[in-house]
Amino acid sequence: MKIKTLAIVVLSALSLSSTAALAAATTVNGGTVHFKGEVVNAACAVDAGSVDQTVQLGQVRTASLAQEGATSSAVGFNIQLNDCDTNVASKAAVAFLGTAIDAGHTNVLALQSSAAGSATNVGVQILDRTGAALTLDGATFSSETTLNNGTNTIPFQARYFATGAATPGAANADATFKVQYQ
């Protein structure tokens with residue numbers, strides 16, 4: 001009798017555990033994955049790391065930007081081109097587009113307004129590899145870079161440029177760019 005009771009208890013326990021193991025899987029929504037890119041018919045493809053980048057200009061004292069024409073130290077950044085084919089084009093140049101600080105400074109990006117307060121009398125300049133400040137109209141291209149087959153890097157620099165005595169605050173600016181192949 002004890003063996004029969006023990007067998008019933010063991011069989012009951014096994015059937016309960018197998019029922020739990022056979023329980024239906026639970027599926028929940030996890031989120032969204034965005035895939036973003038572009039297929040281009042060009043001599044090169046802009047590297048994904050160059051498409052959307054942030055250049056850290058750091059903190060600069062207002063005393064360094066106390067008068068019109070004063071600049072901060074320049075910070076380098078690159079636009080990398082991949083899978084270049086020199087049979088298609090042998091040179092590349094880049095144009096930047098952004099809002100100029102004013103009509104007299106078409107090569108100085110205006111700062112974005114900030115809830116915390118933006119710096120005034122200062123903007124951002126973009127310099128090509130020759131050190132020339134680029135006009136930010138999207139149509140004035142940098143000096144040309146001779147392409148090699150494969151990967152190419154086009155160097156630029158950015159710096160703050162004072163249009164008067166700078167006041168403190170956030171100093172962020174944005175520009176888009178396009179590449180011209182010849």
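Each Cβ is built from the backbone N, Cα and C atoms, and glycine gets one as well.
The feature signal peptide is assigned by Swiss-Prot to 1-23.
In the structure as shown, the Cβ atom of Cys84 (disulfide bond) sits within 10 Å of 21 other Cβ atoms. DSSP gives Cys84 (disulfide bond) a strand state. Summarising the annotation, Swiss-Prot assigns disulfide bond to Cys44-Cys84 and lists a curator's inference as the type of evidence.
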